[in-house]
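Structure record follows, encoded as structure tokens.
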Amino acid sequence: MDNNRVIIFDTTLRDGEQSPGASMNLEEKVKIALLLEEMGVDVIEAGFPIASTGDFEAVQAVAKVVKNSTIAGLARATKGDIERCAEAVKLAPRHRIHTFISTSPLHMKHKLQMEPERVLEKVRESVAFARNLVEDVEWSAEDGSRTEHDFLCRCVEAAIDAGARTINIPDTVGYAVPDEYAALIAMLVNRVPNMDKAILSVHCHNDLGLAVANSLAAIATGARQIECTINGLGERAGNAAMEEIVMALRTRHDLMPFTTGIKTENITRASRLVSAITGFVVQPNKAIVGKNAFAHESGIHQDGMLKCAQTYEIMTPESVGLNRSSLVMGKHSGRAAFKDKLKQMGYDLGDNAIEDAFARFKDVADRKKEVFDEDIIALVDEAVFRDNERIRFRGLEVLCGTRHNPPKAELELEIDGELKSVKSVGDGPVDAIFNAIKALCPHEARLQLYQVHAVTQGTDAQAEVTVRLEEDGKTVNGQGADTDTMVASARAYVKALNKLLTKRQKSAPDAVTP
Ligand SMILES: CC(=O)SCCNC(=O)CCNC(=O)[C@H](O)C(C)(C)COP(=O)(O)OP(=O)(O)OC[C@H]1O[C@@H](n2cnc3c(N)ncnc32)[C@H](O)[C@@H]1OP(=O)(O)O
Ligand SMILES: CC(C)C(=O)C(=O)O
Ligand SMILES: [Mg+2]
């Protein structure tokens, strides 16, 4: 194998499943394994066969269907674990036993309660036993990053002598920092005499948020297998995230000239599948696969993106299997993104209408977390229509509730360029508003329909109000949108009235008083 090729060992189905609450059933494990195989994962650790009958059967099931990736199973340094593991993984054309034992003073003394020399013997025995059952054996020094160097070197040498092809040095508790971990790998390369007979592997946990950084640092000094999981799932704070490692290597090939066999276009699919199956939601700002990883909300960034995507994206969304980046419309968006959005939505507006719609958009965005396409449609339609209005809504204050009976409305309208205001009461706040409109613009039209619905979701949704008026057999509808339902109601009524005036003007050009 090319010396710069890094083997990707995915342990989503084993260490990933060790996340509290992330258990997966047999069918789910098979589904994930098939996708990992499709995306080019070299080794899939499918489970810990001795753990339970379910785990054993799941490893068997994965081993039966996966043809191209090597299927590994985990086993402690005991004959029982190793035999059970072999029985399960051997169903796969390419299979591996991954056996481990702790080598740090703390683990040996308190957890295993074994003397170091006994642990060393166990290393020899377990690897040799596994090698009698299968060709491909990986040995891990659990808590390797907190192990004394001399002892670690002796264990690694013994494991290789006993037949291990891969030597894994886990940072089991996520304690290492990049320089230190890289130096540990370099130390093994330099000091273990038979190190060239095995592949050095790293397995980093994320307790200090350094799992990916440590893994990458270790490749620079000699590691050629990285153990990782989709979405960084795993025990406690998780394992190194595969998508981050693979994309870091791909994106910064200039600094890290290493390759993997991963078809990165499958990354988003894999992330979503694992998230859906485990119920572990991916945080929005998660690198590579978070909802916001390719989303831009601020105007300056959106403007940059529209001019040249590389201004704010260091990899393409397509490279991880996303259709495109998204320019999210919100309070930080600017005119460039707004115009682009309008164009995408099929609007062809003049500069004035765009400015007017943009001002309204900023107003809505100030009150809402995210402005959806439907919000924009509602406010643009409103802005376009307003160009022809004779009556313009200018302001509204409503007093209602148990302390204000009857409800009162104070309304300001601009009628043919003149600002007018009035106070009115009504049976309810909407009735008070409509009475105020009638007081400023006397008319005989009858209200036929008043309807409210939320255009978007949430309590901060835009309300869209429809008002239908009828006069002399002519019917008009007016719609108003606003996050304030009362304001939307006033706008809807005024809009209907404007339409009525237009109709009146068409049928009797001389009788057009509002
Ligand atoms: C760092 C890691 O991720 S290691 C993998 C962790 N994953 C798991 O533990 C998930 C699966 N585990 C299980 O289902 C269970 O723990 C089993 C089936 C493996 C063992 O269950 P039990 O026999 O009830 O043992 P229990 O879990 O209570 O304790 C673990 C025993 O294994 C011993 N042990 C731990 N690691 C090793 C090892 N690598 N080699 C040999 N023995 C070991 C412990 O010293 C302890 O032995 P003791 O019972 O003599 O004190
Ligand atoms: C079993 C080993 C590889 C492990 O998961 C760890 O040390 O974190
Ligand atoms: Mg682990």
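Glycine too: its Cβ is placed from the backbone N, Cα and C atoms.
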For the Mn(2+) site, TrEMBL lists His203, His205, Asn239; sort out which one of Asp10, Asp15, Asp427, Asp431 goes with them. Asp15
For the recorded Mn(2+) site, enumerate neighbouring residues of the same chain (Cβ within 8 Å of the Cβ centroid of Asp15, His203, His205, Asn239, site residues themselves excluded), in sequence order. Thr11, Pro170, Thr172, Cys204, Asn206, Ala211, Glu227, Cys228, Thr229, Gly234, Glu235, Gly238, Ala240
Counts of helix, strand and coil residues, the region 'Regulatory domain' (392-514), according to DSSP: 35 helix, 51 strand, 37 coil
Show which residues of the chain containing His205 (Mn(2+) binding site), separated from it by at least 6 in sequence, have their CB under 8 Å from its CB. Pro170, Asp171, Thr172, Val173, Gly174, Ala211, Gly234, Glu235, Arg236, Ala237, Gly238, Asn239, Ala240
Give the sequence-ordered list of residues that share a chain with His203 (Mn(2+) binding site), lie 6 or more positions from it, and have CB atoms under 8 Å from its CB. Thr11, Asp15, Ser140, Asn168, Ile169, Pro170, Asp171, Thr172, Glu227, Asn239, Ala240
